[in-house]
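Undergrad: After the structure tokens below, expect a handful of questions from me.
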Ligand SMILES: NC(=O)C1=CN([C@@H]2O[C@H](COP(=O)(O)OP(=O)(O)OC[C@H]3O[C@@H](n4cnc5c(N)ncnc54)[C@H](O)[C@@H]3O)[C@@H](O)[C@H]2O)[C@H](O)CC1
Ligand SMILES: [K+]
């Protein structure tokens, strides 16, 4: 099963893997034509009712493949209003070949004839809300025909994710959907087939620019919409929590605070005026601070636990106590990771070990990334948490999903890049699921590193990544 949002992400990832959408449209249209052949013999009459989006584009391709049928294509709206270049090019291909392809600009003039088959390609996954005109009238006209109704991807007017329709919808006999089943189609009273349209498995397995689409911000946004992060770090080290906190800001969090020992608070503050410090007594995290840190964490969307905390016995005991009592979402990194397998927690954890830390947690690793992915997946299921195992290929694993990230370069073995990743994951976990946040953080962190090396060559600093995170998180850049 795949949701519309994930489908859009995978589609974009496929494009980045050199399989452009127009090529997918060609396969989709071909699959629709094949389904028409299954419904009626050559020579039968077929009316295609097409909308102005890519759903219509699929049907224009199908019409081209049905030369041996009597095909009429009716476009709802003006050709200039076709929403994408690829759909328009396929419309123009029909016109250039002098097919019976006409635009209908007034739904009062819509005459679908009396075809054997009607192809419903008005709207697919791009639908929002109830069908507007002229689609609503056209949907009723389709339902009134005696023809077999074949819907492209999803019956027009039906939400592919929920199966619901906000108003009138096409009553399909058959649906040809693409790539994978859609949650909203299973409850329909129609025969659904899934067509393989040549999206490479890599478009799902590897992170890509499509994964960033989930971050697109609505124009009406308010302070706090993108989350507040608490970094719990510092003590023996001061740079790590400062890097994680600044990274969380650059990854889009609205507010980031750092809970740290009083002894190092001024030093951490000294790295940046953008940081807000919440110091507790002493030189390192210990049991007596857990109560206060817990109540502070409760006021944040996500905690990032670990950067620079060190591995003093007292600190690790405090980390364990924190996790046992915390029920929110936390990114766990560095020395705090070793505690995770021993604690019983209600919290949702995103653990970000490198391979050494993974072994310390009791997990296994392997030279081959495929084997590593399988091992990480098993271990994530065992832990009941999300794992981001860092390496040349990062593996992101939850119990039921695994993804692999290939961005990044050898320059990123420098100290501090892990803190940057943990901070970014914390910010992203405010707005995405922990699995998705881990995938996007790994992708963007590596992409930032790649951009830095491209500009300056090796000799990368962790701070170089932070500065490049905003650009690396933009979905509209390559
Ligand atoms: N990998 C893939 O998933 C592929 C999918 N293909 C096909 O593309 C469509 C989705 O195309 P898209 O252009 O995003 O959207 P639609 O064609 O569904 O419609 C967009 C169009 O409709 C207008 N609109 C939105 N809501 C309404 C409404 N309630 N009433 C009227 N009009 C509405 C909106 O303004 C847009 O202009 C997918 O389903 C597949 O069929 C690709 O061909 C191959 C890869
Ligand atoms: K449709």
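First residue shown is number 1, and so on along the chain.
Backbone N, Cα and C define each Cβ position, glycine as well.
What TrEMBL shows for this protein is this:
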BINDING   54-58, 124-130, 153, 240, 308, 354, 419  (6S)-NADPHX binding site
BINDING   55, 120, 156  K(+) binding site
BINDING   418  AMP binding site
DOMAIN    7-205  domain 'YjeF N-terminal'
DOMAIN    207-476  domain 'YjeF C-terminal'
Undergrad: Could you check which of the binding-site residues 120, 156, 354, 418 have their CB within less than 6 A of ligand 1?
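TA: Near the molecule: none at all.
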Undergrad: Spatially, and counting Cα to Cα, which of the binding-site residues is closest to residue 128 ((6S)-NADPHX binding site)? Options: 55, 120, 156, 418.
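TA: Checked the binding-site residues 55, 120, 156, 418; minimum Cα distance to residue 128 ((6S)-NADPHX binding site) goes to 156.
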Undergrad: Using an 8 Å cut-off from the Cβ centroid of 55, 120, 156, can you name the remaining same-chain residues around the K(+) site, in sequence order?
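TA: Along the chain, the qualifying residues are 49, 50, 51, 56, 59, 121, 122, 123, 124, 151, 152, 153, 154, 155, 157, 170.
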Undergrad: List the Cα distance (Å, whole number) between residue 120 (K(+) binding site) and residue 54 ((6S)-NADPHX binding site).
TA: 13
Undergrad: Which residues, sitting 6 or more apart from residue 57 ((6S)-NADPHX binding site) on the same chain, put a CB under 8 Å from its CB?
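TA: Residues satisfying the criterion: 25, 29, 82, 84, 86, 87, 90, 91.
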Undergrad: DSSP secondary structure for residue 120 (K(+) binding site), reduced to helix/strand/coil, please.
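TA: Where residue 120 (K(+) binding site) sits, the three-state DSSP reduction gives strand.
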Undergrad: How many other Cβ atoms are found within 10 Å of the Cβ atom of residue 54 ((6S)-NADPHX binding site), counting all protein chains shown?
TA: 27
Undergrad: Please classify the secondary structure at residue 54 ((6S)-NADPHX binding site) using three-state DSSP.
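TA: DSSP call for residue 54 ((6S)-NADPHX binding site): helix.
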Undergrad: Please classify the secondary structure at the residue listed as 'AMP binding site' using three-state DSSP.
TA: helix
Undergrad: Any idea which of the binding-site residues 55, 125, 128, 156 has the thinnest Cβ neighbourhood at 10 Å?
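TA: Among the binding-site residues 55, 125, 128, 156, the sparsest Cβ neighbourhood within 10 Å belongs to 128.
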Undergrad: Do any of the binding-site residues 55, 120, 156, 418 touch ligand 2, in the sense that the CB is under 6 Å from one of its atoms?
TA: 55, 120, 156
Undergrad: If you count CB neighbours within 10 Å, which one among the binding-site residues 120, 153, 354 has the smallest count?
TA: 354
Undergrad: Within 10 Å of residue 55 (K(+) binding site) (Cα-Cα), which of the binding-site residues 125, 153, 354, 418?
TA: 125, 153
Undergrad: Between residue 125 ((6S)-NADPHX binding site) and residue 156 (K(+) binding site), how many Å separate their Cα atoms?
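TA: Per the Cα atoms, residue 125 ((6S)-NADPHX binding site) and residue 156 (K(+) binding site) stand 9 Å apart.
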Undergrad: In Å, rounded, how far does the Cα of residue 54 ((6S)-NADPHX binding site) sit from the Cα of residue 156 (K(+) binding site)?
TA: 13
Undergrad: At the level of the C-alpha atoms, what whole-angstrom distance separates residue 418 (AMP binding site) and residue 354 ((6S)-NADPHX binding site)?
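TA: Residue 418 (AMP binding site) and residue 354 ((6S)-NADPHX binding site) have their Cα atoms 8 Å apart.
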